[in-house]
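Positions annotated as domain 'Rubredoxin-like' by TrEMBL: 2-36. Positions annotated as transmembrane segment by TrEMBL: 55-77, 92-111, 127-149, 155-172.
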Amino acid sequence: MKKYVRCKVCGFIMEEAELKDVCPACGVPKTAFVEHKFNINEKRQKILDLHLHPISVHFPEAIAVFILGFFILSFILPEDMSNNLLTVNKTLSIFFPITVIMAFVAGIYDAKVRFKKLSPPYLKIKIYLGIALFIGSLLMPGLFIIVSYTAVSKIFIFIVALINLGLCVVLGKMGSKLFECVMPG
């Protein structure tokens, strides 16, 4: 079984065998480290150490940022560049729901491992917001590929893209509060 240590200054946790002369996070001498024991079993800890959900959420978040950003830029730039950005957005909009599903599934799995159930209030809210993000992500391909670019459709695309990005931000903020939480056992 691996031994872990925690920096008393910044709280950084790492394997004892990997500790060199200083804390890799804050730079204090290694004398600031103390033994650390996780309050969950090793199998659950190994799964959580993969960071499947925290890593997977970066994909839909990035796509949401680029879709909104490129859409706004398409109004500012010359027509040929604008058309290129809209083509990129069409492509991104196809991958958006796929990445949302991947992050959602990883989040459900992470929550089951971390909390052993999906009923805590924050998790319920995150699940509902994740479903809303998935619905919003499903709208994007239709809006970019099927709908013709009228003034009304552009406003609707902007609103949906803004809502999607807002949902990503709220979900990320909530998730960051839960990152260190784990049910013992």
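Each Cβ is built from the backbone N, Cα and C atoms, and glycine gets one as well.
Because TrEMBL annotations are produced automatically, they should be read as predictions rather than curated entries.
With a cut-off of 8 Å between Cβ atoms, the residues of this chain six or more beyond the transmembrane segment (55-77) that come close are 85-86, 88-89, 92-93, 95-96, 99-100, 102-103, 106-107, 133, 137, 140, 157-158, 161-162, 164-165, 168, 171-172, 175.
Residues of the same chain that lie 6 or more positions beyond the ends of the domain 'Rubredoxin-like' (2-36) place no CB under 8 Å from a CB of it.
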